[in-house]
Structure formats: C-alpha cells, structure tokens
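Below is one structure, written out as structure tokens; comments come after it.
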Amino acid sequence: MNRIAIIGGGPGGLTLALILQRHGIDSVIYERESAESIRDRGGSLDLHKDSGQLALKEAGLLEAFHKIARYEGEDLLLVDKHGTVYRKEVDETGKEGDRPEIDRGDLCELLLHALDPQRIRFGYKFIEAIPLADGKHELHFENGHVDTVDLVVGADGAFSKLRPLLTDASVEYSGLSMVELNIEDAANRHPDLFSFNGRGSMIALSDNKGILAQVNGDGRIRVYLSFRADRDWVDTNGIPLDKPQVAKQAFLKLFDDWDEMLKNYIRYAEDKMVTRRIYMLPIGLTWESRIGITLLGDAAHLMSPFMGEGVNLAMLDASVLALSLVQNGDLEESIRSYEQKMFEYSSPMAEMSDDNLKLFFADTGASGVRDWFDQFEQGHQEED
Ligand SMILES: Cc1cc2nc3c(=O)[nH]c(=O)nc-3n(C[C@H](O)[C@H](O)[C@H](O)COP(=O)(O)OP(=O)(O)OC[C@H]3O[C@@H](n4cnc5c(N)ncnc54)[C@H](O)[C@@H]3O)c2cc1C
C-alpha cells in the first residue's frame with residue numbers, strides 16, 4: 001500500500017485525510033502548530049454548496065455541519081463611507097441558504113473530531129523534501145523526524161515549502177494590506193454597532209479603502225481595515241500597534257470623513273491588532289505533473305479573499321484528490337487527473353477573486369460592488 005503524507009492540517013489537509021480514512025486509505029498529516037492553536041485560528045468562512053459542502057459530504061460530515069452552521073451569518077450590509085446603504089440582505093424566513101458560515105476553528109474541530117488521532121502529528125514543522133530515484137520523497141522535519149513516502153501532498157498554505165519542487169512561481173503581494181481588529185461580545189457590549197452591523201457581514205467601501213466586518217460564532221465582530229498600499233506600508237506607516245490607543249487615533253484619522261457609526265468599529269476594538277498583507281499566486285498557475293508529489297488549497301492557488309472561495313477550493317481539491325486516489329490504481333495517473341481538474345476549476349475563481357479585489361478598492365467603491373452583486377445574482381437566476 002502507498003504511504004501518503006500530508007503537510008499541513010488546515011481545512012484542506014484535514015479534509016483529505018478524512019476522506020481517505022473513510023475509504024480505508026492510510027495517510028498521516030504533519031502539522032507544525034499544536035492542536036489547540038489550529039482550533040483557535042481564523043475568522044468566519046462561508047461554505048458553498050458545490051465545493052466546501054460537497055467535500056464535507058464526502059467526509060461524512062454534512063449533517064453535522066448543518067447543525068452548527070450559522071445561516072444568519074449570510075446576512076449582508078453594503079454601505080459607502082457616509083453609511084448610505086447599497087445592498088441589504090436579511091433573511092427573516094429562517095430558510096437555509098447555500099452559503100452558511102462557520103468559524104475556521106469550529107470547522108477544523110469538526111474535521112479533527114472525526115479523524116483517527118493516529119493520523120495527525122502536531123508540532124511537526126516540515127523543512128524539506130528530497131526526491132528519491134523511485135518517485136518517493138524523503139521528508140525532513142525541524143524536530144529531526146524523517147519519513148519516506150510514496151506521495152507527499154502540500155496542504156501547507158500560502159507559503160508552501162513543497163511548492164518549489166513543482167514550480168518556480170511564488171506568491172506576490174496583491175497591493176492590499178489589512179489591519180485586523182476584534183470587538184468581543186458585540187451584541188451585549190456594543191448593541192448600537194451590533195444592530196447596525198446585523199448578524200452577518202458589513203462591507204463599507206469608499207476612496208479605495210474599506211472597513212470589512214463579520215460576526216463570528218463566538219459573538220465577536222472581526223474587522224478588517226483595508227488599504228491599497230505598498231508592500232512595506234505596514235512596517236513604515238508609523239502606526240504603533242503595541243500602543244492601541246495611539247494606533248486607534250491614527251486609524252480614525254485615516255477614516256476621518258467616514259460616518260461616525262463606521263468609526264465605532266475602530267473605537268470599540270480591543271487592544272490586540274494584527275496586520276495582514278494579502279498575497280496571491282499568479283492566476284492560472286499550472287505545473288507539469290510529477291510522480292509522488294502534489295499541492296492543494298492555498299499552496300496550489302492562493303488568491304485574494306474577495307470571492308470567499310479559498311477554503312471552499314481547498315476542501316474541494318481535497319475531495320477531488322482523495323476520490324482520484326480511491327478510484328485510480330495508478331498513483332501517477334491519480335495525481336495527473338486531480339491536477340487537471342483542479343487547474344481547470346480554480347483558475348477562473350482566482351481571476352474573479354482578483355477582479356473583485358480591484359472592484360472593492362476602486363473609485364466606484366460600494367456602487368461598483370452593488371452592480372457586481374446584481375449581475376452575479378442575475379447570472380445565477382438565468383442558470384436556474
Ligand atoms: C483575511 C482573510 C480572510 C479570508 N476569508 C475567507 C472567506 O471568507 N472564505 C474563504 O473561503 N476563504 C477565506 N480566506 C482564505 C482561507 O482562509 C484559505 O484559503 C484556506 O484557509 C486555505 O486552506 P488550506 O488548508 O489550503 O491552507 P491553510 O488554512 O493556510 O492551512 C495550512 C496549514 O499548514 C500548516 N503549515 C504551514 N507550513 C507548515 C510546515 N512547514 N510544516 C507543517 N505544517 C505547516 C499551517 O500551520 C496550517 O495549519 C481568507 C483569508 C484571509 C487572509
């Protein structure tokens with residue numbers, strides 16, 4: 001039987017191991033972080049019916065997901081800097097939509113809970129893979145562990161250490177930087193803002209800037225102040241994130257002529273602030289298939305988050321790869337067939353994500369995004 005190692009226990013790696021487990025195929029995940037920290041990290045994600053949810057179905061977890069998914073999280077408010085409303089979606093019917101939300105930590109917990117604990121090793125930071133003559137790879141870890149496998153799958157995210165074995169392409173800065181803020185227990189502590197925000201996402205866009213906010217499962221509002229900026233802006237802007245009060249004043253100044261309620265997203269934030277640069281891989285990236293190695297998720301097609309597809313594609317990749325391995329006796333053919341499909345469905349998504357980044361942070365701001373929503377909806381109606 002082939003020995004399979006998966007580098008990275010994010011949503012993509014976990015889904016792959018779980019679907020393989022359901023089909024009686026052994027694999028081991030090597031994850032650099034601890035179990036606690038992968039349960040903790042990240043905001044709310046919407047899982048789409050034709051990708052993320054499809055993969056959960058293959059993993060046998062669709063029903064369990066439906067029980068904890070937050071359908072109310074699909075509510076949306078789109079405004080400009082004056083608070084003028086361009087789009088408001090509030091579902092009061094209790095009807096289950098196609099893109100319910102789940103926190104990343106809850107999703108990882110759901111997947112981990114179903115996975116045989118023998119199939120994941122925490123605290124194993126992967127360093128390098130040495131290709132051997134017979135298509136196998138020798139894997140080296142920071143803690144000195146060495147493993148030799150027939151197939152290694154890079155599910156190790158944006159800065160994949162396996163990617164260079166398949167392609168020279170590397171991640172590029174997208175031109176967008178974010179500062180992440182959090183407002184804990186927003187409904188009770190800041191009912192004015194919670195009532196404005198609603199139960200799902202609030203997107204405020206003007207002047208090539210944005211305040212993007214999302215209610216998470218633990219009651220916090222996670223906020224991303226978003227700026228078109230040079231790559232080094234987060235280091236050179238002089239805003240001291242370790243002095244939250246001073247930093248807040250600086251951010252309020254950057255949004256000086258924005259509506260007072262929108263500025264409350266900054267005023268009410270907790271002290272911990274985190275900067276994030278948004279990176280992407282070249283759109284339409286492909287590579288020549290090689291025996292014994294492949295990539296999935298962000299490692300394969302990192303894209304900006306403005307189509308909400310990243311996690312969905314990572315899980316879809318996992319499902320397509322797992323089923324290809326299950327259905328195909330030949331390892332080389334399984335990898336080739338998976339990669340062909342993955343390249344085909346992921347590159348239009350990468351293109352749309354990039355188009356959306358440009359649309360969100362354009363002079364047209366909220367009105368451009370409203371028009372996009374209208375067209376997107378019309379396209380879907382025509383398909384139905
Ligand atoms: C601000 C922001 C908002 C987003 N919003 C959305 C959204 O609304 N919807 C959506 O679908 N997507 C969103 N995304 C993208 C989404 O989070 C990713 O696309 C998704 O997590 C990719 O899953 P993955 O399993 O491929 O990689 P990851 O989730 O990055 O997991 C990779 C795993 O590999 C581990 N790892 C890394 N290096 C090593 C190593 N050397 N050795 C061992 N382990 C290693 C990491 O610890 C991690 O656990 C957003 C991203 C950002 C930055």
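Quick reminder: no glycine exception, Cβ is built from N, Cα and C everywhere.
Because TrEMBL annotations are produced automatically, they should be read as predictions rather than curated entries.
The structure displayed is predicted, hence computed values, not measured ones.
Residues annotated as NADPH binding site in TrEMBL: ARG39. The feature FAD binding site is assigned by TrEMBL to ASP46, ARG104, ASP298. According to TrEMBL, the domain 'FAD-binding' annotation covers 4-326.
What TrEMBL annotates, mapped onto the structure for a quick look.
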residue: ASP46; record: FAD binding site; contacts (Cβ under 8 Å, 6+ apart): GLY73, GLU74, ARG99, PRO100, GLU101, GLY308
residue: ARG104; record: FAD binding site; contacts (Cβ under 8 Å, 6+ apart): PRO11, ARG41, GLY42, GLY43, SER44, LEU45, VAL311
residue: ASP298; record: FAD binding site; contacts (Cβ under 8 Å, 6+ apart): GLY10, GLY12, GLY157, ALA158, SER160, GLY310, ALA314
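Summarised as a single figure, the pLDDT of the domain 'FAD-binding' (4-326) averages 95.
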